[in-house]
Ligand code: HEM
């Protein structure tokens, strides 16, 4: 048996023509694979937006901060449980909604933006990301923000907006002309920005409302699909932020307040699922749905503790919004697959880099533990 035969796995007696055909087939597979990599890497389309280019854009705008998330870089881990009310089972067969089921949850609260050591500011967008571990090995990963709508409709607009909002090194602020041009080209973003500016900014993480912004599809036991958006509403009354707070005394005051509140008592949020009607946009996170839509109170999230980011905890979770259990499916929102691809690229880069401790770990007035 020749070396060639060994390599191709051809049985003895195979003709030369058959061998050539077989080798050509292998060559075609290899070429196809190389082509797929070239396509995914954007080498075949220098103008196309690839996950790698999106993450390069974050690094261009924010600088490189090895080991940190390229967005929502400053964060802290939280943990608790989700207790299902049973009402969600009407629209989703996901195990997490079975009446009485209590699912362990690991999560991360964070501030939007790519600066891991920025001082906390009340107006910075706050986020809550959660990973539910279902008994049969399924997971539901989700990330939500405390704003009413998302500022852009498409991944391309997201990348454009990042650049338009890049601070001018001379002033430390975005160039107004660039922002004006962006909003002129994207009226949907101008409308969304007005809604975001008009929101009530609450005092901290503990009384924030965290919204999916993207639509998903809940799938019931009988296969019926319902478009949904969902939000976690705080049990606490929301207290509007006051201007009196100054980050001067504690650059991590938002995180420290939450950690202190969780040391005193558990904090609770209700998961409220809004059911979309035909015609409600599922592919446009800049547009709110009508306020009169039916909602379902699907259960209670209880957070019981906070921990600084460290190897092996929430720091190393990729809260990919497309990791979904049976009973929850993506919508046609183009942001969802872009998020999944960009988070994966961000995760791959940060996982391979040496990192400094999180700013939240280094807060002087944390005491011994969060
Ligand atoms: C094309 C649009 C978007 C892009 C390119 C993008 C990009 C990113 C990136 C790169 C990260 C860091 C991921 C990691 O390293 O683990 C991130 C985190 C996050 N994003 Fe997005 N994002 C987009 C849209 C959205 C939308 C629509 C939401 C809606 C709520 C959202 C919510 C979050 C949250 C909550 C986190 C923090 C997750 C965590 O704590 O790990 N993003 N985003």
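Residue 1 is the first one shown; counting continues down the chain.
Note: Cβ is positioned from N, Cα and C throughout, glycine not excepted.
Here's what TrEMBL has on this protein:
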type     : residues : note
ACT_SITE : 72       : active site
BINDING  : 343      : heme binding site
DOMAIN   : 31-369   : domain 'Catalase core'
TRANSMEM : 20-44    : transmembrane segment
Where the residue listed as 'active site' sits in the secondary structure, as DSSP reduces it to three classes: coil
Model confidence over the domain 'Catalase core' (31-369), averaged pLDDT: 93
